[in-house]
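Visitor: Pasting the relevant annotations from TrEMBL:
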- 26-77: region 'Disordered' (REGION)
- 49-66: compositional bias 'Basic and acidic residues' (COMPBIAS)
- 210-217, 292-296, 354-357: GTP binding site (BINDING)
- 375-388: domain 'SRP54-type proteins GTP-binding' (DOMAIN)
Amino acid sequence: MDIVILAVVIAVVVLGALGGLVVGSRRKKQLPPPPPAAPDITAPPAEPHVGDEAETPRDEPRRTIEEVDLPDGSAPAAVEEPPVVEELPPAEIEVPEPTAGRLVRLRARLSRSQNALGKGLLTLLSREHLDEDTWEEIEDILLTADVGVQPTQELVEGLRERVKVLGTRTPEELRGLLREELLKLVGTDMDRTVKTEPEDRKPGIVMVVGVNGTGKTTTTGKLARVLVADGNTVVLGAADTFRAAAADQLQTWGERVGAHTVRGPEAGDPASVAFDAVKEGKEMGSDVVLIDTAGRLHTKTGLMDELGKVKRVVEKHAPLDEVLLVLDATTGQNGLVQARVFAEVVDITGIVLTKLDGTAKGGIVVAVQRELGVPVKLVGLGEGADDLAPFEPEAFVDALIGE
Ligand SMILES: Nc1nc2c(ncn2[C@@H]2O[C@H](COP(=O)(O)OP(=O)(O)OP(=O)(O)O)[C@@H](O)[C@H]2O)c(=O)[nH]1
Ligand SMILES: [Mg+2]
């Protein structure tokens, strides 16, 4: 028995030793392998290697352009090491659509005005008998499209005269006649260029004003795109300090086309932001500074006074080249009241009619120009970035009466 027990004990010991060897050899296999000969691509090498610049840039936080101190050129820079040329991340700056002929491209957006105004007028004028009732219906159409009382009377008188001398009325003749009379109302001899290039200095200064939600910030952004597309450098002044989101909104527009945005503290003084924007525009040698202002009700005297102050403070630099009043075309006659009050506080030099895509009241173009004696220079025809068009009377009237 003892021999048997001894044999069992020996067997257990031998097996245990063997097992230890196996475990030991397994452990050995788990030791970290020797450093590989090839470089580990997951970690940046401590030192640059030949050909590194051809690799994808390392994930290091990069300085923005503003943070980089440029040598001022007066003192020789101490050259210790060759400068490290940093690759900038690929620019995501958009290239806006060309601005020429935008109104022609966007004319389908005026379809609501076209149906209500242009088509309605042509149908009535084609009636066999143009009696008093028909002329009244024509008047109603014009008034409903917000053309305004005085211009409506002028147009109807003009049409009556000319229709009388026509023998037969072909659709082409009527269309031509209506086109001419509408063009007379809209006006073809006004200077509708947005003044951004004063002769004697840079930058051109444009301020954008209007009541809440008319599309000021959107228009400022779209206008920046138009200017950049035409080869200008643009600085945006976020003088709407009521809401932090307003400056963000403007800055986003600016970033898309590469325009620098100057902003101030929330609830800060809008006049000082506007002043700083022009100052920076001067220092940067920019072509144009666009100042977006907070929406303000024309009925609030304090806010209107503030707007007057913004203008005066900016004019310590130079006179404003343009003060654009942004009016929402869908608000109709109320826009005229706003126009009057804003014009008293800041001299309006141009009108931007926004949201013409969403209304049948395209006639407001005529009424608002009459009210202020100032031309409509730009029209908004949608929320898209390139949906702001220079106003061209011919293209506008053609869009209204269809082709
Ligand atoms: N359909 C259409 N929408 C527009 C047009 N212009 C602006 N909008 C929209 O109108 C809304 C208000 O535009 P904003 O530019 O923020 O207006 P704002 O005047 O700056 O507003 P406040 O700063 O709050 O006074 C946004 O939803 C714009 O997309 C246009 O021409 N057509
Ligand atoms: Mg705004």
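Glycine too: its Cβ is placed from the backbone N, Cα and C atoms.
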Visitor: In the same chain, which residue numbers or ranges, 6 or more beyond the ends of the domain 'SRP54-type proteins GTP-binding' (375-388), come under 8 angstroms Cβ to Cβ?
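Guide: Distant Cβ neighbours of the domain 'SRP54-type proteins GTP-binding' (375-388) are 94, 96-97, 102-103, 106, 109-110, 187, 190-194, 215, 218-219, 221-223, 225-226, 253, 256, 324, 350-357, 365, 368-369, 396.
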Visitor: Would you pick out, from the binding-site residues Gly210, Gly213, the residue whose Cβ has the largest number of other Cβ atoms within 10 Å?
Guide: Gly210
Visitor: For ligand 2, list the binding-site residues among Gly210, Gly213, Lys216, Thr293, Leu356 whose CB atom is within a distance below 6 Å of it, in sequence order.
Guide: Lys216
Visitor: Across all protein chains in the structure, which of the binding-site residues Lys216, Arg296 has the highest Cβ count within 10 Å?
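Guide: Going through Lys216, Arg296 one by one, the largest Cβ count within 10 Å is at Lys216.
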Visitor: Return the average pLDDT for the domain 'SRP54-type proteins GTP-binding' (375-388) as a whole number.
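Guide: Mean pLDDT for the domain 'SRP54-type proteins GTP-binding' (375-388): 95.
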Visitor: Return one of helix, strand or coil for Lys216 (GTP binding site), based on DSSP.
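Guide: Reduced to three states, the DSSP call for Lys216 (GTP binding site) is helix.
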Visitor: Treating G and I as helix alongside H, and B as strand alongside E, what does DSSP give for the domain 'SRP54-type proteins GTP-binding' (375-388) in helix, strand and coil?
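Guide: Reading the DSSP string over the domain 'SRP54-type proteins GTP-binding' (375-388) gives 0 helix, 6 strand, 8 coil.
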Visitor: Please work out which residue of Thr293, Leu356 has the most C-beta neighbours within 10 angstroms of its C-beta, and give that one of the binding-site residues.
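Guide: In terms of Cβ crowding, the pick is Thr293.
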Visitor: Relative to ligand 1, which of the binding-site residues Lys216, Thr293, Arg296 have a Cβ found under 6 Å from one of its atoms?
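Guide: Lys216, in sequence order.
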Visitor: State the three-class DSSP label for Thr293 (GTP binding site), counting H, G and I as helix, E and B as strand, and everything else as coil.
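Guide: Going by the DSSP assignment, Thr293 (GTP binding site) falls within a strand, counted as strand.
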